[in-house]
Amino acid sequence: MTVQRTFSIIKPNAVKKNAIGAIYHRFESAGFSIIAAKMLHLTREQAEGFYAEHKGRPFFEGLVEFMTSGPIILQVLEGENAVQRHRDLMGATNPDNALAGTLRADYADSFTENAVHGSDSIESANREIAYFFAEDEICPR
Ligand code: UDP
């Protein structure tokens, strides 16, 4: 097991339903340390850039609309095997397939409005962290 960093977003629908504290509690209870955090209301440009790999897919426009519909919370989580363990905590992308007890089973409203984002690899985590955080905004314990 190695200590890793991963990038997480609490998406607009979860912020709107006042679930920030509950989700932070789940991160910390699962053994993650929150080592960077900020709230942003994404511009269209920021959202399109973040999801650039999905440009042209049928859901892209709706995803950008949703991600710019209200504030989000961004964080860097640190912990053992953080990328995969955080994906497990989130559950499947489509909440219909998310296991009971996962964040998406508890907080998603639809496939698009699925409450949380988490990096899918160490390479994605490094890119996504750098997209939103400067080095001096990350505060390891
Ligand atoms: N998404 C969607 N419809 C789809 C696939 C994805 O609305 O058919 C949205 C959903 O919000 C998802 C995001 O696009 O979280 C990014 O998709 P990805 O396949 O990268 O899933 P993730 O890594 O977020 O689980």
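Just so you know, glycine gets a Cβ as well, placed from its N, Cα and C.
No curator has checked TrEMBL annotations; they are predicted automatically.
Listed features, source TrEMBL:
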| type | residues | note |
| --- | --- | --- |
| ACT_SITE | H117 | active site, pros-phosphohistidine intermediate |
| BINDING | K11, F59, R87, T93, R104, N114 | ATP binding site |
| DOMAIN | 3-140 | domain 'Nucleoside diphosphate kinase-like' |
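Here the features listed in TrEMBL are painted onto the structure.
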| residue | record | CB count, 10 Å |
| --- | --- | --- |
| K11 | ATP binding site | 24 |
| F59 | ATP binding site | 12 |
| R87 | ATP binding site | 17 |
| T93 | ATP binding site | 15 |
| R104 | ATP binding site | 23 |
| N114 | ATP binding site | 23 |
| H117 | active site, pros-phosphohistidine intermediate | 20 |
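By the rule that a residue counts when its Cβ sits under 6 Å from some atom of ligand 1, the recorded positions R87, T93, R104, N114, H117 yield T93, N114, H117. Reported as a whole number, the C-alpha separation between R87 (ATP binding site) and the residue listed as 'active site, pros-phosphohistidine intermediate' equals 9 Å. In this structure the alpha carbons, written CA, of R104 (ATP binding site) and H117 (active site, pros-phosphohistidine intermediate) are 10 Å apart. The distance from the Cα of H117 (active site, pros-phosphohistidine intermediate) to the Cα of T93 (ATP binding site) comes to 9 Å. A mean pLDDT of 98 is what the model gives for the domain 'Nucleoside diphosphate kinase-like' (3-140). Sorting each residue of the domain 'Nucleoside diphosphate kinase-like' (3-140) by its DSSP state yields 64 helix, 28 strand, 46 coil. For the ATP site listed in the record, the two most distant Cα atoms among K11, F59, R87, T93, R104, N114 lie 21 Å apart.
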